[in-house]
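Undergrad: Okay, here's the structure, questions in a sec.
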Amino acid sequence: MFGDIGETKECQLKDPMDLFHSGQVVKICAPMVRYSKLAFRTLVRKYSCDLCYTPMIVAADFVRSAKARDSEFTTNKVGDHPLIVQFAAKEAQVLCDAARIICPFADGIDLNCGCPQRWAISEGYGACLINKPELVKDMVRHVRSQIDNPKFSVSIKIRIHEDLKKTVDLCQKAEAAGVSWITVHGRSIEERHQPVHYDAIKIIKQSMSIPIVANGDIKTLKDAENVHHLTEADGIMVARGLLANPAMFAGYEETPVQCIQDWVDIALEHGTPFTCFHHHLMYMMERITSKQEKKVFNVLSSTSAVLDYLNDHYGV
């Protein structure tokens, strides 16, 4: 991907902020470990997804190693835009260096300030950054000052504090530093499956003049509409809801057979590894298969076995 920098001129870069200025709620595919890679982004873009994120990439590894760059990030010149690359970082200059490398290939970067996993927090990444507003501000400001392209967006994705005043303070500091928009997952670091605090997202939205994106427990287009009404957010970011139904934003209640067919075609074309290919299908077929069918389908162990099953049962 990074071998021939000369090819980058043909990359059809876009200004993600145009989406937020369109007057429509922006429909966004979340950064998901292992899952929001090029093939899946290609699929959801066919079904009304406006903006896609890559999985989180550790900026220090990305800057240090060409091997990490090639394995962690792939895109294409035409269809995979607008595209946001999400980084885990804890030093302003490292984030800038990563942003500089990615700038010709993507439309913006996002700083992960929301990952609650223990490994991330122990390394100083992810959700622990919500307690370091000055560092977040510094990182945003550095990237802003070192990337020449004014259309290149710099966003952050956060969780909320128990004391919401702290979250508002963090967001206002980031806004002052030039952040393009902020995605708010409406749970604290400790909360996993508790209800999402959509009221908190609304308070943050009312305290800011930049776009705010709502995230957390959005499984259907109806949920997305409800959350938009509850929070007044400018965008809606979905993770597991899109895994279960990549056609969700196009208004389908469950994964249509055509979407399964599209996934098969795209995944084979991209050479998607079998495990990833199969896992996506297991998610997509969760709501449309019986327990008995799942028992059979979920233990299939080769692409040809999966293709035979889909052909026999779905005519795919």
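For all residues, glycine too, the Cβ spot is worked out from N, Cα and C.
Summarising the annotation, TrEMBL assigns active site, proton donor to Cys115. Summarising the annotation, TrEMBL assigns FMN binding site to Pro31, Met32, Val33, Gln86, His185, Ala239, Arg240. Per TrEMBL, domain 'DUS-like FMN-binding' is recorded for 29-293.
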Undergrad: Given the recorded positions Met32, Val33, Cys115, Ala239, which one's Cβ is surrounded by the fewest other Cβ atoms within 10 Å?
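TA: Sparsest of the recorded positions Met32, Val33, Cys115, Ala239 by Cβ contacts within 10 Å: Val33.
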Undergrad: Applying a 10 Å Cβ distance cut-off over all chains shown, what neighbour count does His185 (FMN binding site) have?
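TA: Its Cβ has 26 other Cβ atoms within 10 Å.
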Undergrad: What is the separation, in Å, between the Cα atoms of Ala239 (FMN binding site) and Cys115 (active site, proton donor)?
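TA: Each residue's Cα considered, Ala239 (FMN binding site) and Cys115 (active site, proton donor) end up 13 Å apart.
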Undergrad: Among the binding-site residues listed here, Pro31, Gln86, Arg240, whose Cβ has the fewest other Cβ atoms inside 10 Å?
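TA: Candidates: the binding-site residues Pro31, Gln86, Arg240. Fewest Cβ atoms within 10 Å: Arg240.
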Undergrad: Could you give the Cα-Cα distance between the residue listed as 'active site, proton donor' and Met32 (FMN binding site), in whole Å?
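TA: Cα-Cα, rounded: 11 Å.
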Undergrad: What is the pLDDT of the domain 'DUS-like FMN-binding' (29-293) when averaged and given as a whole number?
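TA: Summing pLDDT over the domain 'DUS-like FMN-binding' (29-293) and dividing by its length gives 97.
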